Amino acid sequence: MAALLELEGIRRSYQSGEEIVDVLQDVSLTINAGELVAIIGASGSGKSTLMNILGCLDKPSAGIYRVAGQNVDELDDDALAALRREHFGFIFQRYHLLPHLSAAHNVEVPAVYAGLGKHERRERANMLLTRLGLGDRVSYQPNQLSGGQQQRVSIARALMNGGQVILADEPTGALDSHSSVEVMAILKQLQQQGHTVIIVTHDPTVAAQAERVIEIKDGRIMADSGSKNEPVVAAAELMSLTPAAPSWQQLVGRFREALLMAWRAMSANKMRTALTMLGIIIGIASVVSILVVGDAAKQLVLADIRAIGTNTIDIYPGKDFGDDDPSTRQALVHDDMAALKAQSYVSAVSPSIGGSMRLRFGNIDVAASVLGVSDEYFRVFGMAMEQGAPITREQVERQAQTVVIDLNTQRRLFPHMKDVVGQVILVGNMPATVVGVVAEKKSMFGSNKALRVWVPYSTMANRLMGRSYFDSITIRIKEGYSSKEAEQQLVRLLTLRHGKKDIFTYNMDSLLQTAEKTTQTMQLFLTLVAVISLVVGGIGVMNIMLVSVTERTREIGIRMAVGARSSDVMQQFLIEAVLVCLIGGALGISLSFAIGLIVEMFLPNWRIAFPPMALFSAFLCSTVIGVVFGYLPARSAARLNPIDALARE
C-alpha cells in the first residue's frame, strides 16, 4: 500500500538565545491512507511540533517529508497553502472559531479560499453541520454554542474541502466527558469513511481508542504499535472538491468574499471603525470644501474685477504714477483718441478728465468726484443704469450740460425723491440736467461711499476745466485679441505719434491675472493644510489597522491553517483599509455638500459648485490613502508565521 505521509530523519530546531534547541530528532514515520493514528506524549515532548510539520504549517530543519510522494521542501508558500486547503483539515483544542462569524460562515472559510461558489458553499456547510447534529444552529455565533458544539463546528470546517487528512490537536482537551465521547465517535466514523485521522494527545484513554499509537518523548519516537486493522482505503465521499469555475471567476469570487469578510470585521468593531473613519471624513471634507469654496471665492473676486472693466487698458501721460513733469502732463489729446479708435483691435475708447467739485441742489451742498467721459465709457466698464440713460454721442458733440450720477449722490442730493431724471443740479457753477443714475454693483470688497458723477468730456474740458488734454484714455480690446499684444501696439502707436515715449499703460488683465494667481496660491496653501489633515487621517487608519492585525493574529493563523495564502491575507487587510477610507471619503463628500449649503445660506452671492472631477479626485484620493496606509499593516499580517499566530492569545 502506498504511503500517504512519509517522514525520513526529520529534525526541527529552534534558536533559543545563543543555543539551538532540538525539538524533534531523527523522526522517521509512515502513515497510510485511512489510518486512525494517535500521537501521545507529555507536554514538551514535541508532539505538537510534529503535528504542525505533518499539516504543512511548519517545515523541518532537516530530513524529508513527503505528502503522497511530493517532497514538501520543494513547495513554495502558495503551494503549501494549497496543500493545507485541499488535503488537510485541522481540529484544535480551543476550537479556533472566528468570533464574528456564524457557525455556517466559520465552516465555509476553507471553501472561500478554494474558490467554491457561494450557493454550493452554503449548501455544503449546512449539510456538514446537519450531519454533525447542528442543523438548527447554523446561524449561531460561537459564543452561543457549548464547547462540544463548537468542536463539532471545527470538525465540519475541517471537512469542508474534503479533509483527506484530519489533524486533531487535543480534540477532547477542553471538553467534558460526554462531549469527549461524542467527538471521538465522530473521528472514528470519519476514519471508517476513508479519512486519515491523526490525533495528538497526552491522554492515554484517548490514544487507546486509535488503531495505531505512536509514543513520542523528548523529540524522539519511543514506540509505534503499528496498525491493528487493515485501513479503509475507499475514497471518502468528501475527499475531492476541485472547483470547475474558470480562474477569473475564482478571482472575482475571492475578491467578493474578501470584501464581505472585511465588512463583517468592520461591523464587529463599529465604534473603532467609526473613529478610524473620522480622520478620513475630516480630511476629505476639508480638501473638497476648500477646493469648491475657494473656487467660489475666486470666481467672486474675479467677477468684481471684471465689473471694474476687464479686457481694458488705461493710458496715462508721463513715465509712471506720480510723474508731475509739466512736459508730459498734456501728452494725451483728442487726436490720440481718434487714432486709437481707428485700430482694428480696439472695441471702444473713452477719455477721462477728472476733478473734485461741489454739487448743489436746493440747500444741499456736497463734494463729489466729477469725471468727463465719452459716450462709450459706460460700455467700456460694463456699467448698467438704474434710471434714465447714459451720456450720448450727441451730448458729447454739443458739449451738453448733462450729468449722470451714482446712487450715493442721489441719496445725498435727493433723499426723498425716487425719480430724479430731469432734475437740475449745479456741478461747480454749471447747471446740469440729470439724465441717468448708475446702478449700484454688488461687490465682495464692500460698497464705495464716495459720490461720483459723469459729464461729457467736451463739457468737462471746455465748460468746467478750460483745458484740451486728457487725464487718461481707456480702451476696450475686442474679443479674441491678445490684451498684451494690443498694449504693445498702442504704446508703439502713441510713441510714434508723439515722437517719444511720454505715456505709460495699466492693463486691467494683469490685475485679473494677479488676483487669479493670488487666489490660486491661497487656495493651494489651504489645500495643503487640508491634505496634511488627510495624511494624519491616513496615519490613523494605518495605526488602527496595525492594532487590528495584532488583535486578530490568531484569526490570521486560523485562516492560514485552513488554506489562506499570504496574498489572501494581504488582500483582506488591504480591502479593509480601502473600505474604511472609501466610506470615510463618501461621508466626507457628504459633509462638504452640507458645508457648501451652509456657505450659500449665509453668503447668497457665493455660487458653490461641485465639479465631477473634484468628487472623482476625492474618491481616488480615498482609495490611494487606503492602499498606501493599509499596505504596511496588510504586509505585516501576510508575513505572520501561522504557528506563531495560532499560539497567540
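Heads up, the Cβ atoms here are built off N, Cα and C, so glycines get one too.
Here is what Swiss-Prot records for this protein:
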BINDING   Gly41, Ala42, Ser43, Gly44, Ser45, Gly46, Lys47, Ser48  ATP binding site
DOMAIN    5-243  domain 'ABC transporter'
TRANSMEM  274-294  transmembrane segment
TRANSMEM  420-440  transmembrane segment
TRANSMEM  524-544  transmembrane segment
TRANSMEM  578-598  transmembrane segment
TRANSMEM  608-628  transmembrane segment
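Contact counts against the transmembrane segment (608-628), taken as Cβ pairs under 8 Å, peak for 578-598 among the stretches 420-440, 524-544, 578-598. In the predicted model, residues of the domain 'ABC transporter' (5-243) average a pLDDT of 85. Cβ proximity to the ATP site centre (mean Cβ of Gly41, Ala42, Ser43, Gly44, Ser45, Gly46, Lys47, Ser48, cutoff 8 Å) flags the following additional same-chain residues: His202, Ile216, Lys217. Listed as Cβ neighbours of the transmembrane segment (274-294) (distance under 8 Å, sequence separation of 6 or more from its ends, same chain) are residues 519, 522-523, 526-527, 529-531, 533-538, 540-541, 544, 580-581, 583-585, 587-589, 591-592, 595-596, 599, 606, 608-611, 614-615, 618, 621-622, 625.
Counting only residues at least six positions away in the same chain, the Cβ atoms of His202 sit under 8 Å from the Cβ of Ser43 (ATP binding site). Away from its own ends, the transmembrane segment (578-598) comes close to residues 259, 262-263, 266, 273, 276-285, 288-289, 292-293, 537-538, 541, 608, 610, 615, 618-619, 621-623, 625-627, 629-630 of its chain (Cβ-Cβ under 8 Å, at least six residues beyond either end). Counting every protein chain shown, the Cβ of Ala42 (ATP binding site) has 12 other Cβ atoms within 10 Å. In this structure, the binding-site residues Gly41, Gly44, Gly46 were compared by how many other Cβ atoms lie within 10 Å of their Cβ, and the smallest count belongs to Gly44. A count of other CB atoms within 10 A of each Cβ picks out Lys47 as the most crowded of the binding-site residues Lys47, Ser48.
Within 10 Å of the Cβ of Ser45 (ATP binding site) there are 21 other Cβ atoms, across all protein chains. Secondary structure at Gly46 (ATP binding site), taken from DSSP and collapsed to helix, strand or coil, is coil.
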